[in-house]
Structure formats: structure tokens, C-alpha cells
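A.B. asks: Mind looking over this structure? Questions follow.
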Amino acid sequence: MLLNKGLLASLLAYTTTAFDLQHIFYKEQYSCPISLPASCSNNTEIKDSCCFEFPGGIMLQTQFWDYIPPKGVSDPDELVRHLGPLDSFTNHGLWPDNCDGTYAQFCNRESNIDDVWHLLNDDQFNGRDDLPINGTDLLETMDMYWKSNTGDDESLWVHEYNKHGTCIRTLYPDCYKKWGVAGNSKKQAVYDYFRIAMKLFHDKDTYQTLKSAGIEPSVEKSYTKLEISNALKEGHSGEVVHFLCDRHGSLNQIWYFHSLKGSLLGEKFVPISALPKGSNCPDDNIKWYPKGHVPSSYRPPNGNHPGTRGVVRIGNGKGFLIKNGHWYLKGTPANFFLIEAPFGNYYLKTRMGYCGIDNSNKVLACNKNVAQAAQFEYDAKKGYIGYNGAYDWYATKYPRGNQQAPVYAGSNDDGYNFQLKFVKA
């Protein structure tokens, strides 16, 4: 799929001039004070949640470099259709992380969506002079630059909004009411999330940043971690950029960290250095394979694989988890399945059902009535299970005798704190 010249010109204008306004509404009834500090830098409480992003005050613009094509695909046009332009990274998403590096996910079920195509084709986002970009034009650039490694791009868009977009408080319906926005505020938030995510993605042209430093996709060449890090800093105001490699030692993810001044709608992103997360790339001999290359070590995924079976033990104490997700000391631990989620992270499942985290009290539960299967982190080296960027778990009581103890995400000074360790069967 190729963008026509007229649309490309409008997108270039969109990426450079359309977002200078404090808000996108000409007849705004509400605005944010220009004296507000950047997110995660305040010393006193900012009460107006429509003008200050908290607790998710660190905005990550994340990018993919997917290069392995579907089986049998080698034609350049088909490669672009599946993997995006051959000379560009693709968008992964816009994530509101907390100031300490943890994050929330799937924050508001009432705001969840199951469709993007029809929403962006809605009359609310097309044929108006006051729109930064028409919904149909936004959809076309997303089709080109926001690609899924599963081949189902819209499912990735829906996932990114439901997991991350619903956690951005300055896009909540009450804020749109303050600004006197006509139309459906839920739809408006979705439109704004995707247009701002695409705008920031276009501002961070990783491919050209690396190319300017002499780093280009190649089957033969390799690079050092320092070379890549120094190059990426040049494209991020001298701040450290987080990057990751795949199992073949090839560069495949870039994370740009920002703080934010005011509402997300003001788009006043301030580049900051990446929070310490640790890159999995080696110090030397990092590959950056061109799109279309299939490494000799590649093995196609088995679509019928149910996940990795194992048990979940208390990492620094006695006991294990049973089938409902509770901590127990006696008998036999339950079988858990660690299942790769389609767009990153993992699901946990027992014979009772998928495991989830209750947003109100952070309790872990595994059963068929779980409304939203949680996405967990997994540290393959240590075996630890994490949630929302942290690997801390606790219980408020010790499960003596035949007692079961509910397990909660996080830590508690008055509770029993531990890690959860997945042990493969």
C-alpha cells in the first residue's frame, strides 16, 4: 500500500504545524495554566487532573522493527503491506507509565473499544475545517505505519487503546466536558489518542536518526550497544533512549521517554532519559537485519501451542499458588500455563480460567469469571512473574494449616512480601 502524494503532503503538514495550539478546539471554554510543571517534577499536589497527567506522567513513544515476513512473502510491495515501509520503524504505541517506572493497564472498561476503522470514518472526524487531520487520513497513515506482527493491525490498535489509552486521565470524558466539546467524548478521546500517538511517532524518525550515524540495516554488519545508544541520543535531545533486541540478536524495539506539560491534548512533550530498565541487547555484535531477512536460527511459531506449563512458587518463602491464585502451603501446587500474549507480555491460566488483577484492590484471581485477563511480565532468567512493571507481591495473612491467603500485586509494609516464581514443569 502506497500513500498518494496529496495525502503525504497533508501528513507532512500535520506532523509539523497542526499541533501548536494549547488545545485543538478553537472555541475552548477551559485551558491549562502555562505555569504548570512538567509531569513527575512537581513538589506539591496538582489537583486538576485535566491539566496534569498523574500517576501516569511519563509518556513512552514505542516503536517496532519487525523484519521477518510471513512464509512465502518476498515481493517488496507485499513486505511493505505486512511490515511497513522498508526504511521506517513502525509505531507500537503511546504508553502512560508512572513516575516510578510501573504502569497501569486496562484502566476503564467503560471506555474500551472493539473497533477503530468505523470510528475514524465517523462524520465527527471527517469533513470539518477545525480538525487537525481527517479520520480517514489518520486511518490511512495508521494502515501504513502502525503494523501488527500478527497481521491483524486493527486488533493491535484496539489493544493499545484499551490497555494504555484508557489510563490517560487528561483524555477522560469529564475533561472534554470542561472544554465544551460537542459530540461523543468517548469517540473524541479515541481519535485524539491515535492522532497524537501518530504525530509523536512521526516526530521520532528512528531510521533516519540511525542512518545519520552510519547505522543501517544489514545482514553482514553489526554494531555495538554504545554506537546505537549514542546515535539515538542525537534524535532525542541528548537523552538516553531505551532499546531492545530480539532472540536473534537484532535490534527490534525503541522506547522514547517524555514528561508532559499540561494536558496530553497540548502535546508539550519534554524528552527525558529512559528510566533504568536494562536493555537485553549484547554490548557488541548487535545486528539490525533488513526487512525481509529470515535468520537461520528462526523457527516459525506453533499456533497450537497452549503455552509453557509450570507451577508458581513463593520465590523467597514457603508455599505456592493453587488454581484460584491463592497462596497455600500444603499438598500439590496447581498447574499454570504461561501464554505469550499477541502484542507482548504473558497471560497466566489455570484449569479454573485466566488470571486477572482486580483494579479496585489489586487481588490476584484465576477463574472463568475474570472480566479482563491480566498481562504479566516474565523474567525468563529469574523466573519471576511481574505485573505493571513491578515484581512485588504480598499477602495480608500467612496461610497456616489449611488456610488460603489471597495474593495482591504490589508491596505492603504490614504484610508478607514476596516474589512469584514460575517453575517450568
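For all residues, glycine too, the Cβ spot is worked out from N, Cα and C.
Sharing the feature lines straight out of Swiss-Prot:
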- H92: active site (ACT_SITE)
- E160: active site (ACT_SITE)
- H164: active site (ACT_SITE)
- C32-C51: disulfide bond (DISULFID)
- C40-C99: disulfide bond (DISULFID)
- C50-C175: disulfide bond (DISULFID)
- C107-C167: disulfide bond (DISULFID)
- C245-C281: disulfide bond (DISULFID)
- N42: N-linked glycosylation site (CARBOHYD)
- N134: N-linked glycosylation site (CARBOHYD)
- 1-18: signal peptide (SIGNAL)
A.B. asks: Within 10 Å of C99 (disulfide bond) by C-alpha distance: pick out those among the active-site residues H92, E160, H164, and say none if nothing qualifies.
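C.D. replies: So the list reads none.
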A.B. asks: For N42 (N-linked glycosylation site), write down the residues of its own chain that are at least 6 apart in sequence and whose Cβ falls under 8 Å from its Cβ; none is a fine answer.
C.D. replies: F52
A.B. asks: Let me check the 10 A CB neighbour count of C50 (disulfide bond). How many other CB atoms are there?
C.D. replies: 20
A.B. asks: Can you count the other CB atoms that lie within 10 A of the CB of C99 (disulfide bond)?
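C.D. replies: Other Cβ atoms within 10 Å of C99 (disulfide bond): 16.
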A.B. asks: On a C-alpha basis, identify the one among H92, E160, H164 that is nearest to C281 (disulfide bond); the candidates are the active-site residues.
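C.D. replies: That would be H92, the closest of H92, E160, H164 to C281 (disulfide bond).
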A.B. asks: Of H92, E160, H164, which is closest to C32 (disulfide bond) if I measure between C-alpha atoms? They're all active-site residues.
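C.D. replies: With Cα distances computed to C32 (disulfide bond), the winner among H92, E160, H164 is H164.
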A.B. asks: Any idea what the Cα distance is from N134 (N-linked glycosylation site) over to E160 (active site), rounded to a whole Å?
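C.D. replies: So the alpha carbons of N134 (N-linked glycosylation site) and E160 (active site) sit roughly 21 Å from each other.
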A.B. asks: Based on Cα coordinates, which of the following recorded positions are within 10 Å of E160 (active site): C50, H92, C107, C175, C245?
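C.D. replies: So the list reads H92.
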A.B. asks: Rounded to an integer, what is the Cα-Cα distance in Å between H92 (active site) and H164 (active site)?
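C.D. replies: Cα-Cα distance, H92 (active site) to H164 (active site): 11 Å.
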A.B. asks: Near C175 (disulfide bond), which of the disulfide-bonded residues C51, C167, C245 can be found within 10 Å, Cα to Cα?
C.D. replies: C51
